[in-house]
Amino acid sequence: MSKRIYSRIAGTGSYLPEKVLTNDDMSKIVDTSDEWIFSRTGIRERHIAADDQATSDLAYFASLKAMEAAGVTADEIDLIVIGTTTPDLIFPSTACLLQARLGNVGCGAMDVNAACSGFVYALSVADKFVRSGDAKTVLVVGAETLTRILDWTDRTTCVLFGDGAGAVILKADEETGILSTHLRADGSKKELLWDPVGVSVGFGEGKNGGGALLMKGNDVFKYAVKALNSVVDETLAANGYDAHDLDWLIPHQANLRIIEATAKRLDLPMEQVVVTVDRHGNTSSASVPLALDEAVRSGRVQRGQLLLLEAFGGGFAWGSALLRY
């Protein structure tokens, strides 16, 4: 009987643009304040990509760090999967652009669009390739320049988001790694969180073809908490664990209140929850790998620990991954 093959995270990396926009800076752009933003979201500041930076640039720098941490060269990568909702171009994919810049020739490369859940979705896709034996080394990235699709006159949305990228290298392993991933969606709720322009339905006037992120925050909050509770319970039960077995919860960094609600539901102390939303804002698909990389590099996350990753985003699309780091 053949052994089970796991996909193990062999290295992590992240990149944040140099420009930082604080809440006080935001108060000069729209009618808001540090107290208003922080009390509702837990956000203090966010990073903004430079005018000459695209999503693939952020992904590239995060990937280099993950590759270095894993001791992997570009020609060893069998597959590149990027979770993003802000690709450089309509096509080719941002993953193809990243492949070329890394100097890899011939490996598969694809983008996955699941909004803020993009990295968890990309991780799930990559995990299946490794477990099936079709790939031994996979680069998985979550990267966004979400500030490019914001309405900077709408104080309810423009204060929430930032730019960044996080990456992991997955390697085939017979001992440990990703235990399971669980993906869910509900397209009937699209108008609660969306950008209503596109190639097929058409574009409007102005920057980005009139595209701008629209969100009904209270409705999103209520749905997200219930959906995340459900998928987290499903993930733990599928592997014979309960919340008290977890070493770390690494959630999507959208809103501190959602993070705290999930932790409370799991009866997890916040000391076991990785929180970066205060310094990064909501970086969409980049938020989970950014938080993971920070926790690894700070020494909090150690080899052998049990980690639960979860995310929720537009679509709605949400998901989770349970892994032994």
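Each residue, glycine too, has its Cβ placed from N, Cα and C.
Pulled from Swiss-Prot:
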ACT_SITE  CYS116  active site
ACT_SITE  HIS252  active site
ACT_SITE  ASN282  active site
REGION    253-257  region 'ACP-binding'
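Shown on the structure are the features that Swiss-Prot records.
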residue	record	DSSP (3 states)
CYS116	active site	helix
HIS252	active site	coil
ASN282	active site	strand
Per the Cβ filter (under 8 Å) with a sequence gap of at least 6 from its ends, the region 'ACP-binding' (253-257) is approached by 40-43, 116, 160, 221, 224, 275-278, 280-283, 287-288, 290-291, 312
Long-range Cβ list for ASN282 (active site), cut-off under 8 Å, min separation 6+ in sequence, same chain only, gives ILE43, CYS116, LEU146, LEU160, PHE161, GLY162, HIS252, GLN253, ALA254, ASN255
